[in-house]
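*Asks:* What follows is a structure written as structure tokens; I'll ask about it next.
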Amino acid sequence: MKLLIDAGNTRVKWALHDGRDWLAQGAVTHADIATLAAVWAGYPIRSVHAASVASAAVTAALEAAAPQPVQWVRSQRDGGGVRNRYRDPSEQGADRWLAVLAARELCAGDVVVACAGTALTVEALTAEGDYLGGLILPGHALMLESLARGTANLNRMPGQVVAFPQGTQDALASGAADALCGAIERMRRRLVESTGRGPAELLLTGGDAERLAPWLAAPLRIVDNLVLMGLLKMAGES
Ligand SMILES: Nc1ncnc2c1ncn2[C@@H]1O[C@H](COP(=O)(O)OP(=O)(O)O)[C@@H](O)[C@H]1O
Ligand SMILES: CC(C)(COP(=O)(O)O)[C@@H](O)C(=O)NCCC(=O)O
Ligand SMILES: [K+]
């Protein structure tokens, strides 16, 4: 049985896979990583495969909780039928590379991969397996927090997402939605323009995927734990 771990900047997501099925999964905040040791001790785990974009303290806590040595995965130049066009893959968050690898498994055609977590990342992958690159933006919570912190008047709850906001709370909610979804839709349009083909698929994952989905133009597919799926793929090949 394999333990797969995706350590993001807000939460650690994990899952167990026995070679055929996903058996268990969970998510904890950084403060609760130590509680995972007792959970994982209940399973016959043979190997542990993990990706982290979090702090050294988080990776150390995961190594302490894991029942086997952790095999840390990093972004690569090539693999799984994908060529990474990032100038320096060692600079890139492993979660981004793994989401793209998983997208390659799920979609045969051109695809935009949006991971809505602490940050929003938006990746462009062609049918030929060219991962062209991607965007990094503040995620939904960070965007609102930065406005609350950096201004005198915007520390308030967001309202409704509407076309023409006529109050501060609606303006905040709608601004965040347009920034996040606008970035995704612009990337989707650029990918279509650069390939000259029909519409690209959109895969959406991360803790805010359900929040963003209603604001995005269809068609789109929400995939839970895309990064863990990419980890499983890499673990199988290693
Ligand atoms: N149970 C939860 N705990 C924390 N954040 C959550 C939860 N459910 C949804 N979210 C949302 O998901 C975001 C974090 O998504 P996640 O994919 O876990 O991020 P990361 O990979 O950066 O750790 C938060 O900013 C929050 O808006
Ligand atoms: C962009 C990220 C902050 C996203 O992190 P997350 O929202 O998943 O916590 C992370 O992938 C990261 O730190 N990347 C390094 C820089 C890069 O990918 O170019
Ligand atoms: K992300």
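Numbers here mean position along the shown chain, with the first residue as 1.
Backbone N, Cα and C atoms are what each Cβ position is placed from, and that goes for glycine too.
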*Asks:* Looking at the ATP binding annotation from TrEMBL, with Asp6, Ala7, Gly8, Asn9, Thr10, Arg11, Val12, Lys13 already listed, which candidate in Thr59, Thr118, Thr121 is the matching residue?
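*Replies:* Looking through Thr59, Thr118, Thr121, the residue TrEMBL assigns to the ATP site is Thr118.
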*Asks:* So among Asp6, Val12, Thr118, all listed as binding-site residues, which is physically nearest to Asp95 (substrate binding site)? Use the C-alpha atoms.
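*Replies:* Smallest Cα separation from Asp95 (substrate binding site) among Asp6, Val12, Thr118: Asp6.
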*Asks:* Which of the three DSSP states, helix, strand or coil, fits Thr10 (ATP binding site)?
*Replies:* coil
*Asks:* Take the C-alpha atoms of Tyr86 (substrate binding site) and Asp6 (ATP binding site) and report the distance between them in angstrom, rounded.
*Replies:* 21
*Asks:* Fill in the CA-CA distance, Thr168 (substrate binding site) to Thr118 (ATP binding site), as an integer in Å.
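*Replies:* For Thr168 (substrate binding site) versus Thr118 (ATP binding site), the Cα atoms are 23 Å apart.
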